[in-house]
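Just below is one structure, and these are the notes that go with it.
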């Protein structure tokens, strides 16, 4: 099976890239694509760059040029739910934009005109990730909503405002909704799997710098388990 894995930063893709066999890397429009073999699958690893525009552009190139059957977006995120800690892993059930507001025209907050309010992750991929999470003993793995915006959520006031908009939000980051929207348009199944590098609003910038590598390791190890179970 041809599976695409997307991470925004070098720290988020380095470990998985090192695990690929027969790896070949090429750069298209500034985006790094590495093809290789892992767990019996052909894997295309994309380093997309940070933010929604980079994520949307690179995911479009990915789907047009490499035509993966499924897409997994991995990396770090900021935790939003009160039950979460740094290092925990969140599996998306749904992804939304948290910085889109066209409510003046009767759209839901976060809804892009012409798009659904949220983008549902593939149920089979979520179920598979759930199966893998049962084997995790040292970290908490949960599933829920992830929201995306082009900002790092270190301001407690902004965090509170987003919480008011999305009651059941588990994590925030800067690429997933763009990846999900492109996959939705191309009708390619996707899931977002993110490990928490910080808890949004609580000295997030300090925590992010300290725990990014830990988050990358947790998310990569979990991705490998999913690939091993994927048939």
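Yeah, the Cβs are placed from backbone N, Cα and C, and that goes for glycine too.
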### Query
Which one, 36, 40, 49, 78, is listed by Swiss-Prot in the same substrate site as 153, 174, 175?
78
### Residues flanking the substrate site, with Cβ no more than 8 Å from the Cβ centroid of 78, 153, 174, 175 and excluding those residues themselves
77, 148, 149, 151, 152, 172, 173
### Message
Helix, strand or coil for residue 175 (substrate binding site)? Use DSSP.
### Response
coil
### Query
Can you give the largest Cα to Cα distance in Å, as a whole number, for the residues 78, 153, 174, 175 that bind substrate in the record?
14
### Query
In terms of Cα spacing, which of the recorded positions 12, 78, 174, 175 are within 10 angstroms of residue 198 (active site, proton donor)?
78
### Message
Tell me the Cα distance separating residue 12 (active site, proton acceptor) from residue 174 (substrate binding site), rounded to the nearest angstrom.
### Response
13
#### Entry: recorded positions (12, 78, 174, 175, 198), the one with most neighbouring Cβ atoms at 10 Å
175
